[in-house]
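Marked as NADH binding site by Swiss-Prot: GLY10, GLY11, ASN12, GLY13, PHE35, ALA36, ASP37, GLU38. According to Swiss-Prot, the substrate binding site annotation covers GLN118. Residues or ranges marked as pyruvate binding site by Swiss-Prot: GLN118, THR143, HIS212. Look at Swiss-Prot and you will find CYS148, ARG324 tagged as NAD(+) binding site. Residues annotated as L-arginine binding site in Swiss-Prot: MET206. Positions annotated as active site by Swiss-Prot: HIS212.
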Amino acid sequence: MTVKVCVCGGGNGAHTLSGLAASRDGVEVRVLTLFADEAERWTKALGADELTVIVNEKDGTQTEVKSRPKVITKDPEIAISGADVVILTVPAFAHEGYFQAMAPYVQDSALIVGLPSQAGFEFQCRDILGDKAAAVSMMSFETLPWACRIKEFGRKVEVLGTKSVLAASLIKGTAKTVDPLSTLQMLHGAEPVFRLAKHFLEMLIMSYSFVHPAILFGRWGSWDGKPVPEAPLFYQGIDQATADMLTACSNECKDVANAIMAACPGNDLSDVKDIYQWYLEYYHEDIQDDHDLYHAITTNKSYKGLVHPVKAVDGGVAPDFGNRYLTEDIPMGMIVFKGVAIAAGVAIPSNDKLIMWAQEKIGKEYLVDGALTGKDVATTRCPQRYGFNTLDAILTGKK
């Protein structure tokens, strides 16, 4: 049996996945990119040649994988019709366009994958696919599997590093699909090793979308507006107050998870960890001092040299609040979590404080007097936007 895979996107991740998946026996890869004339440019750039994926292995060696997608197109009917697996490797803000494009053509037995998904992926998918949403299966990954960069558009991409383990959540539909975990593992190769989370809300809650806003707030929350000489260190430059804010937001995540389990027995969110535990698990080899969250972040070697997003101004630099750390992490992260918290009846004052500060910085209005009634809520992926107003609706997809 040939597994038909549609890879959505034209960026670093789409290049990498297309090349790796197309190299597997019994796999047909179609690439769907809706952006401008990207499909035409990719087709022209590749010509009659093969796509090359350069993989930097953990032992220091390099492997070259050469393959060729069957088709690269802007036409969703060609790419989606009959596809067993549809994988979105585009930023969250672009998901809506792809869901709308696939809706008329996606088959009931399709597995729809967000790689990564970001919070609210399932709500948006269910809303746009309508009646089909109950049949299809949805899989959400927490991040991209690799650090990767296009070296030559349409022809060559390099994998700089590959994660060892990656978690995914799964909502099974009523129709029978290809086996989700083993199929995705086969498409990617030996690493990362994929593990299945117990619940899709575990992935949503543990996306920790408060981290970037909290660090920005910690550094710039009381900023006097005067330029600074250079961009401050981002993670390694946090203070104890920021670590305390991160802990408070994390505790509120646990509160919401516990409330959902109490209200809706049978929904297991017991794997929702506090952020300190998460750091110890995922970065144990990189952390030099792990006795508390503050030191776990500031001594994390993988964060060395990473600085705040800034823009040049007269006299130095100033914070760039138009960066994705706020423009994506608020509407596609914190607001989604806020919506779940409201449905669960749990107050999250620390998260609210960050949202109120951040929305002012990016000129948006989501939260008004603790309620999601702002004029820009319709641009977010909170469940309420789609009519999922209760815990039951959030969990089942039935409004």
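Think of each number as a place in line: the chain as shown, counted from 1.
The backbone N, Cα and C atoms fix where each Cβ goes, glycine too.
Remember, predicted model here, so these are calculated numbers, not experimental data.
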_C-alpha spacing of ARG324 (NAD(+) binding site) relative to HIS212 (pyruvate binding site), in angstrom_ = 9
*Neighbourhood of the pyruvate site (GLN118, THR143, HIS212): other residues with Cβ within 8 Å of the Cβ centroid, in order?*
PRO116, GLU142, SER207, SER209, GLU328, ASP329, GLY333
*Here the binding-site residues are ASN12, GLN118, THR143; which one has the lowest number of other Cβ atoms no more than 10 Å from its Cβ?*
THR143
*Please find, for GLN118, THR143, HIS212 as listed binding pyruvate, the greatest distance between any two Cα atoms, in Å.*
15
*Count the Cβ atoms, other than its own, that fall within 10 Å of the Cβ of ARG324 (NAD(+) binding site), considering every protein chain shown.*
14
_Taking residues GLY10, GLY11, ASN12, GLY13, PHE35, ALA36, ASP37, GLU38, which bind NADH in the record, the widest Cα spacing (Å, whole number)_ = 18
*asked:* What are the sequence-distant neighbours of GLU38 (NADH binding site), meaning same chain, six or more residues apart, C-beta distance under 8 angstroms?
replied: GLY10, LYS74
*For CYS148 (NAD(+) binding site), nearby residues of its own chain (Cβ under 8 Å, 6 or more apart in sequence)*: ASN12, GLY13, HIS15, THR16, VAL157, GLU158, VAL159, LEU160
*Please list residues from the chain of GLY11 (NADH binding site) whose Cβ is under 8 angstroms from its Cβ, counting only those at least six apart in sequence.*
THR89, VAL90, ILE150
*Considering only the binding-site residues PHE35, ALA36, ASP37, GLN118, MET206, which fall within 10 Å of THR143 (pyruvate binding site) when distances are taken between Cα atoms?*
GLN118
_Of ALA36, MET206 (the binding-site residues), the residue whose Cβ has the fewest other Cβ atoms within 10 Å_ = ALA36
